[in-house]
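*Asks:* Quick paste from TrEMBL:
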- ASN29, LEU31, GLY56, GLU77, ASP102, ASN127: S-adenosyl-L-methionine binding site (BINDING)
- 36-212: domain 'Ribosomal RNA adenine methylase transferase N-terminal' (DOMAIN)
Amino acid sequence: MVKDIATPNRTKEILQKHGFTFKKSLGQNFLIDTNILNRIVDHAELTPETGAIEIGPGIGALTEQIAKRAKKVVAFEIDQRLLPILKETMEPYPHVNVIHQDVLKADVHDVISKEFEGISDLMVVANLPYYVTTPILMKLLEEKIPVRGMVVMLQKEVADRIAAKPGTKEYGSLSIAIQYYTEAETVMIVPKTVFNPQPNVDSAVIRLIRRSEPAVHVVDEDFFFKVVRASFGQRRKTILNNLTNNLPKGKENKQQIEQALSAASVDPKRRGETLSIKEFGLLSDELLKSMR
Ligand code: SAM
């Protein structure tokens, strides 16, 4: 019987044996609570046919629990010092493949086609490095990585923004960027005490289930996201002010912006944070027509 990696004693033993010291700059906060790990993996609903992608395996605490349930695990780790450790800790799990790479630079499509041949159900499961949470999520979503979804640990404050609903103070361009591609839900709040070393911020686990179609159909996706970002430019300003100030050539096109708001039935005095994704979709299509 193999001892779990994620206990305070075994983790300490592994770190000491290899003389490993944490790099704060790489967001290295390792999980030392098997119970929490199991609950994270539960939310991913892995089956013996699932292929799992992990980002940042560390010494393999989460990797091990995923490996017990999935058909295959591919884990991207940036820190070379962890490779010999993972080689040892993952020895009982030959279906785990660690790739030494910055996930932000990886060709994930290529890795998937090589590593998961014949596997159709894919999930991302990770305790993300907090300094790059948003770039990692956006890369995977924008590149349309063919996964069923993602269950990831991140800063609670970011989780709140990702899962926020219109009309709340957390709702913003990040909520829309993520909810455009997925159904987002916070599934766990996690105390600092389950990490070594403990992070400075509170943590949460979110589950993102990929939509089969985006939340709204728009003529031009890039322009849609430009409109969304422009609308949240200054939160206290009205949508009309934000669009005229922040859209390219907005000031020259104030009249056209007013027309588009009217055509999309959006009161120009409303604030960006009150608009649903569908309203933003309609508005961006109208703006595209009127500003052309
Ligand atoms: N999964 C382990 C656990 O839960 O105990 C470690 C999680 S730790 C929060 C984040 C991990 O991501 C570290 O192992 C770190 O070295 C790695 N990492 C940081 N930046 C990365 C990047 N750009 N690409 C891949 N891995 C990265």
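Backbone N, Cα and C atoms are what each Cβ position is placed from, and that goes for glycine too.
Any TrEMBL annotation is an automated prediction that lacks curation.
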*Asks:* How many neighbouring Cβ atoms, not counting its own, are there within 10 Å of the Cβ of GLY56 (S-adenosyl-L-methionine binding site)?
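*Replies:* Neighbour count, Cβ to Cβ under the 10 Å cut-off: 23.
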*Asks:* DSSP secondary structure for GLU77 (S-adenosyl-L-methionine binding site), reduced to helix/strand/coil, please.
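*Replies:* SS state of GLU77 (S-adenosyl-L-methionine binding site) = strand.
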*Asks:* In the structure shown, which of the binding-site residues ASN29, ASN127 has the fewest Cβ neighbours within 10 Å?
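*Replies:* Counting other Cβ atoms within 10 Å of each of the binding-site residues ASN29, ASN127 gives the minimum at ASN29.
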*Asks:* Under 8 Å Cβ to Cβ from ASP102 (S-adenosyl-L-methionine binding site), same chain, six or more residues apart: give me those in sequence order, or none if nothing qualifies.
*Replies:* PHE76, ILE78
*Asks:* Taking the Cβ of LEU31 (S-adenosyl-L-methionine binding site) as the centre, count every other Cβ atom within 10 Å, in any protein chain shown.
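*Replies:* A count of 23.
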*Asks:* If H, G and I count as helix, E and B as strand, and all else as coil, what does DSSP give for GLY56 (S-adenosyl-L-methionine binding site)?
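*Replies:* Coil, per DSSP.
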*Asks:* For GLU77 (S-adenosyl-L-methionine binding site), just count the other CB atoms lying within 10 A of its CB, please.
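*Replies:* So the number of other Cβ atoms within 10 Å of GLU77 (S-adenosyl-L-methionine binding site) is 25.
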